[in-house]
Amino acid sequence: MLSLRRYSLYAGIAICVIIIFTYYREPIISRTPLKSQIPLKTGPTPFKGSNQLSDANFSWEQVPVRYPVKKLTQLPTAKPKKLPKVQFDFASHPETDEEAAWRKERLAAVQQTFERCWKAYREHAWGHDELAPISGGARDGFGGWAANAVDNLDNLWIMGMKDEFEEAVKLAETIDLRKCTLQQVNVFETTIRHLGGMLSAYDLSGDERLLTIAKEFGDMLIVAFDTPNRMPITRWFWSKALDEPQVADHHVLVAEIGSLTMEFTRLSMLTGDPKWYTAVERILGHLDAQQEKTLLPGMWPVTVNAQTADFASDSLFSLSAMADSTYEYLPKMHALLGGIDARYEKLYDSSMATAIEYNLWRPMTPDNADILISGNIRKQNRNLDPILDPQGQHLVCFAGGMFALGGKLFDNPAHVDIGKKITDGCIWTYEAMPLGIMPEVFRMLPCDSRLECEWNETAWKDAVKEESPDSNADADSLIALNRLPRGFVQLADRRYILRPEAIESVFILYRITGERYLLEAAWKMFSAITSVTKTDLANAALRDISFSKEDLANGEEIRLDSMESFWMAETLKYFYLIFSEPDVISLDELVFNTEAHPMKRRLPK
């Protein structure tokens, strides 16, 4: 059995990195720019400056370019290929009347929850980014650009709420991109939520107003690429861009720079303007050129240097937070473009081969479950072996769906099996917790082998003691004090912030395999989550999922006054779709961005 003590140093480093970046999926926290990030004073074009923002006729499209692109890259023009079918053949395996009634009852329950949350947002936080679900207040952590409304435009259409959809579109038309509640905009978050939300709603509804707004967001976001090497500033002081030259940052999360491809490509496809595709194609070129030059060849490090376009030097490698969607978008871009750019399959194959070899591990569980978890790898230099940090994250549950989708698109059944084991691992973790809800971050004891792994009570308790700062503490006392379910060595972050990644993979795997146990698992997850998170208005994040139902009945309050827009936009969408008819948002016709916004795939005629 592998000892956890040898991982402690690297685990500490990894935790510090995660704390510093505060999980990139959370609202942006302002940072003081490094001295090396001072804009270069190279040949500026005369600008009117940020005083333009007071001009009612201001348009981001008209902002002069300091560092023009020498040559635009055109979208591929080859005819889309006929890719392997993704979805299970549900028509050949029809459900019984009883099964259909069971499914529709659960579909109605999900829609009722969504409608209740939408009503609360409409009444208490209309036009703001988020509803505070306990106090009834409003928050604007994503610029004050009505994130929750934009993020749910596609949901309103999918769920048949056409009156609410029309009202939300009219609200979106009032968004003023001359104004922002933040000094620093997270380009990634704005791209996946606002741009992705508009594009998806346009693809589903055909409403031209949405494409117009999407283009306005695209015109703003492309200004963040106006740097000497045309690499984007991912944490962008947007108003300064009108006053002074910009330069990309030295330290950038690979997920934030590598996960703009779907939205920018789709915008170019719909408008015929290649400037957005050109921007992300340049990033893809660096990822492609440096994939085999990193310290862990095949994968890119969590942090990269955008200013020098160095995507290879750092030492932490993960499919988890801060890196996840860069890998997620490889098979999805293959689907979006119709399989005509061979690089996406190559990049996917190489990165997943490395992740399978190093990042995936089987945890020791009391029931000897055949499951997999994706952890973090630290490789300090080429002469040292990679070191696994046996950490699990709720966020990395997305990898189950990614492997399953990649396995179908690239005709690799082994990847579908891996995706199933990762997804089953997330289901297992949900069911192992006293409230039936998975924590943000946890640690378990890795098995020596993925093939066989027998439960060892003594080894588990020894690992619990090794993780404790009190080396003299008794293992049983530590387990009781820290409320550790059997098999868990540490609950490093006990929150549940209404995340979607587990149900996302359950949904994708169900659409791919048709296995009904996934419907049962989804309903257990939905029931557990809603029973604990429900407030008088909507649903709330949780500060600690390790308490028991008895603790809550005795007055323990674990709800937080927070409901990020992805609760409705992603989590409830995937719960809704898994209980819908399988042709509703078919994976053979559409592909989801990382904020669960479906976009039309290029398909052969």
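Cβ from N, Cα, C; glycine included.
Of the cysteines CYS397, CYS447, CYS453, only one is given by TrEMBL as the disulfide partner of CYS426: CYS397. According to its DSSP assignment, GLU440 (active site, proton donor) is coil. Nearest by CA distance to GLU189 (active site, proton donor), out of the recorded positions CYS397, CYS426, GLU440, GLU501, THR594, is THR594. The Cα of GLU501 (active site) lies closest to that of CYS397, out of the recorded positions ASP324, CYS397, CYS426. Within the same chain, residues at least 6 positions away in sequence whose Cβ sits under 8 Å from that of CYS397 (disulfide bond) are ILE422, THR423, CYS426, MET438, GLU501, ALA502, GLU504, SER505. Cβ neighbour count for GLU189 (active site, proton donor): 22 (other Cβ atoms within 10 Å of its Cβ, all protein chains included). The Cβ of ASP324 (active site) has ALA255, SER318, LEU395, VAL396, PHE398, ALA399, THR594 as same-chain neighbours under 8 Å, each 6 or more residues away in sequence.
The Cβ of GLU440 (active site, proton donor) has 21 neighbouring Cβ atoms from other residues within 10 Å, across all protein chains displayed.
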